[in-house]
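To start, the structure itself, in structure tokens.
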Amino acid sequence: MILKNLSEIFGPSGNECEIRDFIVETIKDHVDSLKIDKMGNIIAFKKGKNKNSKKVLLGAHMDEVGFMIKSIEENGMLRFLPAGSIDKRVVIGKNVLIGKEKVKGVICYKPIHLQRKDYNNIPDFDSLVIDIGSTEKKDAEKYVSVGDYAVFDTKFEKKGNIIKGKSFDDRLGCAAIIEILKERYENDLFGAFFVQEEVGLRGSKAAVFNIPADYAIVLEGTSAADMPHSKDEPDYPKMGDGVVITISDRSFFVHKDLFNETVSCAKENKIKYQFKQPMVGGTDGGEIHKSKEGVKTIVFAVPSRYIHSPVSYADLRDYRSMVDLTKKLLNKLK
Amino acid sequence: MKELKEILKILTESIGPSGMEEKSFESVKKILEGEENITISLDKMGNIIIFRKGDRKEKIAFFTHNDEIGLIVTKIDGDYLRFTSVGGYDEKVLLGQEVTVYGEKVVSGIIGATPPHLQKAGESDKLLKYEDLYVDLAMKNKELEKYFKIGDRIILKSEFTELKNDFVCCKSIDNRGSAAAIINILNHIKNLKNIPDLYFVLNAQEETTMVGSLTSCYSINPDIAVVVDVTFAKQPGVESGISYDSIGIGRGSHICSDLYDYITEIAKRENIKYEIEAVPQHSGTDAYAVQTARGGIKTILLSLPIKNMHSPREIVNVKTIDKISKLLSLFVSEVEFEKYGEKIIK
């Protein structure tokens, strides 16, 4: 199952080579042209069936949140920094994989017995270390270098329609584009896999400079909000309620024509959809829609619980709705 | 063409707070006097661009920022000037500091400090903020109104001082120390062949918005960009800094990992001491703006360790600056551009 590979492959923001190689290998026989730009974004092109077609950009980011090793202590412990937005409360006691060799490590904090006053404080990244089993700096340096990246070490699993794994934000979007690129549509299609979304929407900003798109559809994994929480907070989007359509987030407002077109397309084809809470989060759509003279942009997402943590859930039926809706639009947009 | 220490002295003595960098244009011309094969220009955003024609068709641009942090007048308050910061001075260094105010007239002054005799008990434990501070030009309100207005710039006075063992102390080593490092490349490449077109850019307004690097990188559109900025040198209280005699080489999302591998290879081969600086997210340098210019620019980040950053008495070792120039001169003469472009797979 390609989702297993996509979820487990190493690719923190700024170090996307392994996930990039995997995607290139997977799509290269299904596209008309393919390149890697100077920032490391993958840009594939597939000509449309219709001669006078529009150009549609499908974009997803291939990076994931992770860590970087900042320094190595005399006692062999590694100090680290986050790469992307990670809640410091989720990292203690989690397994990580470090660098090219995937050295196994554990994020450590002193035991509860010894915390005393610190028990009521949330430790900063500064006070946490990764233990790889080395007891001195010289030994640790054999396996790890300052500047090496790390990601959570999480196994992918599937139970019925529910999948469990890391990096569903945004490897689910990557999976969707890989699948969509296998067919040919009425419109010309650019399939782009961006780097560095999690550190400030940086890959898409550069990539779209060279993509002459009439429309852009960004495919994402977004936070599902249907877990227990206080009553006055909205509890949508929900896992299992269909593809999430973004009306607005902190980085953009959807183009209203494209939005209307999308909703009527979903209704016509009986594709299950729901809306995202407005003004929450940000995606590559934020950079793409304001590129050059502007691009009509919309964002679809699979709702996923606990994104940006070591482990998330998603529902394959929502993924299916996202792929179906996107495919229909690729034939329909004029 | 001047020697490194002289370049550093001329650059740091020139006045150029963010948004007013064009004043240092004359200083740059003075440094490069007599140097052949170059042109110097000042663009409309205040960026100073030194261009040296090469014997290869490719382009490498070096970006350092030229603006220095400073203060700005917010109010004429009786016989005194109130001010705030442009770019992040620590208020703790300001009390009792000599300054120069650039109004219709250029006048020296002092940031006043209440003598202990006049302080109430416990007052010396209070941290002073910008709103508590003022510049005293020893002028009456009438005169102040005549020569000064809101928005006038204030620069802290700081003389170029040579310390022992090639250390120097002065203002604005952040980031004129890096500017000296890139201009000094011209001294190092005199006998080297196979040099591409080189652009040495002294950017405006890094300390505020990075508009200088955004615009200059767009217009130059280099094949490779090298950003040089300062970093923290180890000093008491700054254990996480790098050693004063190491070059910092950045590794992280703004930095092209292939070029990072390449430049560290050269440093190892030449025994140039370096330390890796981990910058997973925003590096707080012009590399942030440069890397995503146009369709993306292959970028590397080098850093110069300095002590007392963002104070008027920053300290640097001149030999470390020279190491950066040496490393980059080898880099430009050896780099194989075809390895670092776009990759067409199909």
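Every residue gets a Cβ built from N, Cα and C, even glycine.
Same-site candidate for Zn(2+) 1 binding, as annotated by TrEMBL with A:HIS61, A:ASP169, chosen from A:GLU18, A:GLU25, A:GLU101, A:GLU220: A:GLU220. The Zn(2+) 2 site recorded in TrEMBL comprises A:ASP169, A:HIS308 together with one of A:GLU136, A:GLU198, A:GLU261, A:GLU268, namely A:GLU198. Other residues of the chain with a Cβ within 8 Å of the Cβ centroid of A:HIS61, A:ASP169, A:GLU220, the Zn(2+) 1 site, are A:ALA60, A:ASP170, A:LEU172, A:GLY173, A:GLU197, A:LEU219, A:GLY221, A:THR222, A:THR283, A:ASP284, A:ALA301. Counting only residues at least six positions away in the same chain, the Cβ atoms of A:GLU64, A:GLU220, A:GLY221, A:THR222, A:SER223, A:SER304, A:ILE307, A:HIS308, A:SER312 sit under 8 Å from the Cβ of A:ASP169 (Zn(2+) 1 binding site). In the three-state DSSP scheme, A:GLU197 (active site, proton acceptor) falls into the coil class. Here the binding-site residues are A:HIS61, A:HIS308, and the one ringed by the most other CB atoms within 10 angstroms is A:HIS61. Cβ atoms within 8 Å of the centroid of the Cβ atoms of A:ASP169, A:GLU198, A:HIS308 (the Zn(2+) 2 site) belong to the same-chain residues A:GLU64, A:VAL65, A:GLY84, A:SER85, A:SER167, A:ASP170, A:GLU197, A:GLY221, A:ILE307, site residues excluded. Cα spacing between A:HIS61 (Zn(2+) 1 binding site) and A:GLU197 (active site, proton acceptor): 6 Å, rounded to the nearest whole number. A:HIS308 (Zn(2+) 2 binding site) falls within neither a helix nor a strand when secondary structure is assigned with DSSP, and so counts as coil.
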